[in-house]
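Below: one structure, written as structure tokens.
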Amino acid sequence: MDKELLQSTVRKVLDEMRQRPIPLGVSNRHIHLSAQDYERLFPGHPISEKKALLQPGQYAAEQTVTLVGPKGQLKNVRLLGPLRSVSQVEISRTDARTLGIAAPLRMSGNLKGTPGIRLVSPFAELELPSGVIVAQRHIHMSPLDALILRVSHGDMVSVAIEGDDRGLIFNNVAIRVSPDMRLEMHIDTDEANAAGADNPHAFARLVGPR
């Protein structure tokens, strides 16, 4: 195989890889807890795994809490593990209206100036002073995925949701690159409902910047 043919073949393979479907993960409301807050809410009860998630080492725990806001509450909100350094609550816009909380759109971990909420477990209550957000839609990927897709950590891209009669293009999708991450797009339940993505055939496809 001559050099020109080899280069052409490589370009074709890479183009096909850039068009491959991106797995879609729909994130229902959930919480992340610090070790200190977990011990206050579940004293003497070790965190236990209910279901492994796609991202390595992450899982849905057996433990749940009730979120209590100024206007309402949401029960059976799942804890995701492992425990973190700072507690965080991720809800949808619809959830925020139910609770009566003005939760800002943020990337995970960007909690400065966010509202708090009361957490109620079967054993205790905890007033979280801050940490409630509506999560920015994003795509997790490895450095190799980023190289193939020609994107970098922190980029904003546009993504088409396909596999359903409705479909939708989402702009302002953040790229999150980490060596221990697998390729997966995360959207919340409001976004999934709008795109008709609440079915096993739905997937995402990168269509351009922003």
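Using N, Cα and C of the backbone, Cβ positions are placed for all residues, glycine too.
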From GLU4, GLU49, GLU62, GLU90, the one annotated by Swiss-Prot with HIS30, HIS32 for Zn(2+) 1: GLU90
Nearest recorded site to HIS140 (Zn(2+) 2 binding site) by CA-CA distance, among binding-site residues SER27, ARG78, GLU90: SER27
Helix, strand or coil at LYS71 (CoA binding site) [DSSP, three-state]: coil
Candidates LYS71, ARG78, HIS138, HIS186 (binding-site residues) - the one closest to HIS30 (Zn(2+) 1 binding site) by CA: ARG78
Rounded inter-Cα distance in Å - HIS32 (Zn(2+) 1 binding site), ARG84 (phosphate binding site): 7
